[in-house]
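Visitor: Let me give you the structure first, and then I'll get to my questions.
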Amino acid sequence: MNRTGDDETLSTQVKAEVLAEALPWLKQLHGKVVVVKYSGNAMTDDMLRRAFAADMAFLRNCGIHPVVVHGGGPQITAMLRRLGIADDFKGGFRVTTPEVLDVARMVLFGQVGRELVNLINAHGPYAVGITGEDAQLFTAGRRSATVDGMATDIGLVGDVDQVNIAAVLDLISAHRIPVVSTLAPDRDGVVHNINADTAAAALAETLGAEKLLMLTNVEGLYTRWPERDSLVNEIDSAALAQLLPTLEAGMIPKVEACLRAVTGGVPSAHVIDGRVKHCVLVELLTNEGTGTKVVSA
């Protein structure tokens, strides 16, 4: 190997040390399932999307089994606007008419999911896109929103009632990376758009995942947002449940997903900053990690 200067030699040495530091984490996670909720800037910034896809391929080639769950709220909003379809929200949820659902299905599986599958597959034949409709992966239950203290109908919006992981296990056994779009039928076969945070937690719990990672647009969990000194490195489920009512509205579904996962047997859940390139590898394979780690009380 040619060495052209001290800076390059130092850089090479640092890279070797980083790889060596990853060894115990690679051993711990080898053969384990890691569920990753893919959202936020990581979905819209081209550099971050490519880095995320590379992270998934890296994990797969290290013998770790990533499972990706994604939503696509901003992309759905953009397509509805482009098509001139009214977009209404109640209680923080998109009112999903049959017309809006058709757009959501097109965007989630046909656009967001396909783009990520293609980015991962640039590294090898790894990723397979599926939805909650495939092989009855998810069964949805209709949900409502609370507006002014009253339950309000929001259309074809659901929560996860049941999970059938057979198809995902088949993909994992074949060393593929499932990329899951969050659409699911109810017991009568009526398709609903389901919250991706909820879906990721339910899938992690049912798969017996080692970790659940939630990508966000903040550095982690703040107890007093936006005071930077209130960023939490680690918190248990009991303390987090007490903190839940005080959190910003956008963080609540992610925290609820973390709580569901760790109380359901997942050893740890992590809220990490998806704006950071290779944030998944930083969290999983370095001593310092990133974001906030949630564990059971």
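Cβ coordinates come from backbone N, Cα and C, glycine included.
In case it's useful when we look at the structure, here is the feature table from Swiss-Prot:
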type	residues	note
SITE	K37	site 'Transition state stabilizer'
BINDING	G72, G73, R94, N193	substrate binding site
SITE	K254	site 'Transition state stabilizer'
Visitor: Comparing the recorded positions K37, R94, K254, which residue's C-beta has the most other C-beta atoms within 10 angstroms in this structure?
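Guide: Ranked by Cβ atoms within 10 Å, first place goes to K37.
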Visitor: Between K37 (site 'Transition state stabilizer') and N193 (substrate binding site), what C-alpha distance do you get in Å?
Guide: 16
Visitor: Beyond the listed site residues G72, G73, R94, N193, identify every same-chain residue whose Cβ lies within 8 Å of the center of their Cβ atoms for the substrate site.
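Guide: Near the substrate site, the remaining chain residues are G71, I76, T77, T96, A104, V107, L108.
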Visitor: Given the substrate binding site residues G72, G73, R94, N193 in the record, what is the largest Cα to Cα distance, rounded to whole Å?
Guide: 12
Visitor: For G73 (substrate binding site), just give me the three-state DSSP call.
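Guide: Going by the DSSP assignment, G73 (substrate binding site) falls within a helical segment, counted as helix.
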Visitor: Sequence gap of 6 or more, Cβ distance under 8 Å: name the residues on the same chain that satisfy this around N193 (substrate binding site), in order along the sequence.
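Guide: In sequence order, R94, T96, L101, A104, L108, L156, V157, G158, T182, L183 meet the Cβ cut-off.
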Visitor: Let's check the environment of G72 (substrate binding site): how many other CB atoms sit within 10 Å of its CB?
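Guide: Around G72 (substrate binding site), other Cβ atoms within 10 Å: 23.
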Visitor: Tell me the Cβ neighbour count for G73 (substrate binding site), meaning other Cβ atoms within 10 Å of its Cβ, over all protein chains shown.
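Guide: Looking across every protein chain shown, the total is 18.
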Visitor: What Cα-Cα separation, expressed in whole Å, is found between G73 (substrate binding site) and K254 (site 'Transition state stabilizer')?
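Guide: A Cα-Cα distance of 15 Å.
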Visitor: Quick check: in three-state DSSP terms, what is R94 (substrate binding site)?
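Guide: Looking at the DSSP assignment, R94 (substrate binding site) belongs to a strand.
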